2 protein chains.
Amino acid sequence: MSLSKHIKWNEAGLVAAIAQDWETGEVLMMAWMNPEALDLTLREQRAIYYSRSRQALWRKGEESGNVQQLRELRVDCDGDTVLLKVEQVGGIACHTGRRSCFYRLADNNGELVVTDEVIRDPADMYGIKR
Amino acid sequence: MSLSKHIKWNEAGLVAAIAQDWETGEVLMMAWMNPEALDLTLREQRAIYYSRSRQALWRKGEESGNVQQLRELRVDCDGDTVLLKVEQVGGIACHTGRRSCFYRLADNNGELVVTDEVIRDPADMYGIKR
């Protein structure tokens, strides 16, 4: 794999990754990748990110089952962002149980309005005991 | 405008902004905003970014004419990315003269293949003398 050489890694050694539903075009989330995550994403044909909070690889869907199967990977003009077109298994990308992480719409006063419903209870999704 | 308070600004005081064509769903570009850029984007209903290289506001389209009219602004679950649904004036978001900045597709070997055509010569777009 030589995709890494086409990337302009940021000062933390990461590249921004946007995940988009390959069929509907809906933007699902934005996360980060280190070189290993990017290589594994291409090799395994599923989204693997780098968690900045956990400082570890984040195999999307490993807990929730909501894996993102890779359909297409694109790189932008200056090489500091990649676009993943994915098949979102389970139809849920967000840890809140919604399709997309962008479920809040700004109104003209700068307040946020929740527009998308919770499809699956996160407590159920992540097996949290209640 | 109080949208700023809903944003988790990064260590550089910026938030990632993804621009998406509001009609076709095509992801056009990713850039950054500071609080002023975000406020102005909402107020003027057009995309205004913060250029990290120039360290100044970047009124998208001010040179090229390829303004991005805002149709919808969304914020993600953890507040560190915004999604702008825009009407891309001129149909060109990229400084290379292409519709989208994501005009390069990665093949299975990690090499990049240009898939999108140049719609307008950048030299013409930015009035460069040749």
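Glycine residues also receive a Cβ, built from the backbone N, Cα and C atoms like all the rest.
Nobody curates TrEMBL annotations by hand; they come from automatic prediction.
Database features (TrEMBL):
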type    : residues                   : note
BINDING : A:Asp76, A:Asp78, A:Asp80  : Mg(2+) binding site
BINDING : A:Cys77, A:Cys94, A:Cys101 : Zn(2+) binding site
DOMAIN  : A:29-103                   : domain 'Phosphoribosyl-AMP cyclohydrolase'
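What TrEMBL annotates, mapped onto the structure for a quick look.
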residue  : record              : DSSP class
A:Asp76  : Mg(2+) binding site : coil
A:Cys94  : Zn(2+) binding site : coil
A:Cys101 : Zn(2+) binding site : coil
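Each residue contributes its Cα atom, and for A:Cys94 (Zn(2+) binding site) and A:Asp80 (Mg(2+) binding site) those atoms are 23 Å apart.
When the Cα atoms are compared, A:Asp76 (Mg(2+) binding site) and A:Cys101 (Zn(2+) binding site) turn out to be 22 Å apart. By neighbour count, meaning other C-beta atoms within 10 Å, the densest spot among the binding-site residues A:Asp76, A:Asp78, A:Asp80 is A:Asp76.
Taking Cβ-Cβ distances under 8 Å and a sequence separation of 6 or more, the neighbours of A:Cys101 (Zn(2+) binding site) in its chain are A:Leu28, A:Met29, A:Met30, A:Ala93, A:Cys94. Note on the domain 'Phosphoribosyl-AMP cyclohydrolase' (A:29-103): its mean pLDDT in the predicted model is 97. Of the binding-site residues A:Cys77, A:Cys94, A:Cys94 has the largest number of other Cβ atoms within 10 Å of its own Cβ.
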